[in-house]
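Enquirer: Supplied in structure tokens, the structure appears directly below.
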Amino acid sequence: MLKATLRTSGLLLLLWLIFGDLDSGLFHNSRAQEEYSAARNTDSQEQSCFCHLTGVLDDCFCDIESIDVFNNFKIYPLIRQLIERDFFRYYKVNLKRPCPFWPDDGQCAIKDCHVEPCPEVRVHRFLLHAVNTMTEMEACEQAHELGAINSTLSNQSKEAFEDWARHDDAQDNFCELDDETSPDADYVDLLLNPERYTGYKGPSAWRVWNSIYEENCFKPRSVYRPLNPLTPSRVSLFMFALGLCLEKRVFYRLISGLHTSINIHLCAQHLLDEGWGKALWGPNVQEFRRRFDPAETKEEGTRRLKNLYFLFLIELRALFKVAPYFERTFINLYTGNTQEDSITKDLLLQIFNETKGFPMHFDEKSMFAGHKLEAKRLKEEFRLHFKNISRIMDCVGCSKCRLWGKLQTQGLGTALKILFSEMEIKNLPEHSPSKGFQLTRQEIVALLNAFGRLSTSIKELHNFSTLIKEHR
């Protein structure tokens, strides 16, 4: 009996040593190994939380647990520092472009976004409300205030932007976007305008996302309206996605992942209190449950969260592929401050170095790999669908929501541009610019900030998991 026990103990120890080493081999230092082990050995109660995802993602060979650890302990700390640098905190955007698809009739509260003013409310109607009930006018004023853009810029910043423009004009830019040269395009300080709850909701917000899913996501005709994943549907989105080819399924999952990430930001930075004129922002667990709990979403919530991870892998792959472009010595992230520029590029190169150590990248070569004519048609359809979605962002009726929607859409578009330009990137000259592949300042800013938003979303999932566990 004793011998059998010893043999069993020895076998368990051997297995632990073997597979323990395999787990540890994914990371470069002992601290990461310890954090990885701690993350993988959570108790059963946390594992049962609906937002604590596990397993392998569809359409790629990568498990969610590895992404969590890689992001939370390696990428997130670096990307958070990077997007606070001057080069990445200022984004030039045109928020005055009219909606090209329907009249600009967004929520009444967003007066500064070309919408109808808030309706006048008679005095006696205020008196009918209970003391603790927000009136219609107060709700409008609150949403107007929360959704407005803080356009504060110092004279020093404005002078620097002119210097940046002169520098950029001297570069060999190949893909200049028309919107960047518009007289209505202005620089916005992203740190003064964080993505968070603004009160923008209702028919105007729903129509934007419904248009994206209905008209611009590949879907079979058998799927009934509405297709918006935040509304009940007679057919599971997951079930119809299974019937699509890889390229069309990937496109849908990218849009779903973007939608999921935005919703996580709004839940994580929700308006909790406005007492004494000072707003208190923080996580709203109830709102998070409403959007992602399988019991509240007819089992769709978990799939939405998995699509966030899928989008993260796509943009991570794009960063891995574009690294050679930035590793060239003459490429700088110009702000006019040599020391600042050097720190910023060092941070960016650290992120690229981490992407090279990730062992389970998405294989984009599996896309558009069929018959040449069919592959070419699919790629063009893919591009046009995405271009149309970027235009729909001009229909968002809240300035701050439009700002972050346009930035994250451009960031994803830049990632796709990178993945579809593999040969051009491989053929880049080492010591001189090339017209074969170029990224504009705005594409670079959008790409890294959009990836930063995804990294933050995955980090916030861990925070929500902890909060839900504590409230049980």
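The backbone N, Cα and C atoms fix where each Cβ goes, and this holds for glycine too.
Annotation source TrEMBL lists signal peptide at 1-32. The disulfide bond feature in TrEMBL is assigned to C108-C113, C398-C401. Positions annotated as FAD binding site by TrEMBL: R196, T198, W209, S256, H259, R291. Look at TrEMBL and you will find C398 tagged as active site, nucleophile. The annotation active site is assigned in TrEMBL to C401.
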Enquirer: Between T198 (FAD binding site) and C401 (disulfide bond), what is the CA-CA distance rounded to a whole number of Å?
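Expert: Cα-Cα, rounded: 8 Å.
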Enquirer: Can you tell me how many other Cβ atoms are located within 10 Å of the Cβ belonging to H259 (FAD binding site)?
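Expert: A 10 Å sphere around the Cβ of H259 (FAD binding site) contains 21 other Cβ atoms.
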Enquirer: State the Cα to Cα distance, in Å, between C398 (disulfide bond) and H259 (FAD binding site), rounded to an integer.
Expert: 16
Enquirer: For each of C398, C401, count the other CB atoms within 10 A of its CB; which of these disulfide-bonded residues has the top count?
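Expert: Of C398, C401, the one with the most crowded Cβ is C398.
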Enquirer: Can you name the binding-site residues among R196, W209, S256, H259, R291 whose CA is within 10 A of the CA of C401 (disulfide bond)?
Expert: R196
Enquirer: The record lists R196, T198, W209, S256, H259, R291 as binding FAD. What's the largest Cα to Cα distance among them, in Å, rounded to a whole number?
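Expert: It comes out at 21 Å between the most distant Cα atoms.
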